[in-house]
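Written below as structure tokens is the structure these notes are about.
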């Protein structure tokens, strides 16, 4: 692209300068001629026939914008005052138009997301359990010209139904003669009996139920031969699950011989891929390490989780020490307060001598010194 000519660039600069000068002139004219500039803008209303500036005392009338409804008893006129400002007004006199109220469909519910149904708001539909939404589940209130309306029709709630579940090779399911299953109706799969030493195992969920419209709870299982090899642990022995053939979900537990310890899990389960889960453990010679590396914990059917029901013994030691210190300090404060209370209780209040009333005839009586007082017993 060729660079712009110097003449074009200079012309554009002149137009910018001219626009700025005109804008400044408008403001200067308004200030010098005791006039107001453009009236304040509002979100819900706009001025009727606006002008560049208004003289003092001149009024501008507002009207509601498209999509807003005029409310009575609200001021819609602003006046240019002597200080070049406008009498403050608000656009509370114009409110958003509302779409019609939508009733929930039979067996359904309706929820207005913002609690209102003005244009821009959304309404959401849902159905009770056992039914599904047929149609648009969410509608929005839209502005169309000067009016508002929903962008679609209210959906319906239809009954959840399922077609028959998938058939499986070398297996079957119950209620195979039923063509339509209702919500939460279930079937149970099983494998056919076969000739030979190896039986068929049902791999997957045995029970399936109609969980949604044309949707079963899970994929159909399969019937196949699952056979894991004989589990052998050197320097160890089996203590449960003894046998010569190990089919799907067979569980075996091992024990190391004296002087050996486990490296791995002591319990394994025959998985659907003909391997043991987790892998076969080892029995290593020597004392068990104080802090051995923890093997990963697997949760397979029939395999217990060693953490279930066990309190976490790895409690932080510093937290325990802190709790003990807090308890000791609290006990010391209690004892100190008790001692001070008993000390104050033991102290008796100072005895106050009773006031002696002096009569008028005693005021002029002579004062006897201790040496002149006679013992009445010596008389």
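Backbone N, Cα and C atoms are what each Cβ position is placed from, and that goes for glycine too.
Annotated features, as they stand in Swiss-Prot:
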type: TOPO_DOM; residues: 36-316; note: topological domain 'Extracellular'
type: DOMAIN; residues: 36-96; note: domain 'Sushi 1'
type: DOMAIN; residues: 97-159; note: domain 'Sushi 2'
type: DOMAIN; residues: 160-225; note: domain 'Sushi 3'
type: CARBOHYD; residues: 290; note: O-linked glycosylation site
type: CARBOHYD; residues: 293; note: O-linked glycosylation site
type: TOPO_DOM; residues: 338-379; note: topological domain 'Cytoplasmic'
Residue counts for the domain 'Sushi 1' (36-96) under DSSP, helix then strand then coil, are 0 helix, 23 strand, 38 coil
If one looks at the chain holding residue 290 (O-linked glycosylation site), which residues at least 6 apart in sequence have a CB under 8 angstroms from its CB?
-> none
Secondary structure split (DSSP) over the domain 'Sushi 3' (160-225) reads 0 helix, 27 strand, 39 coil
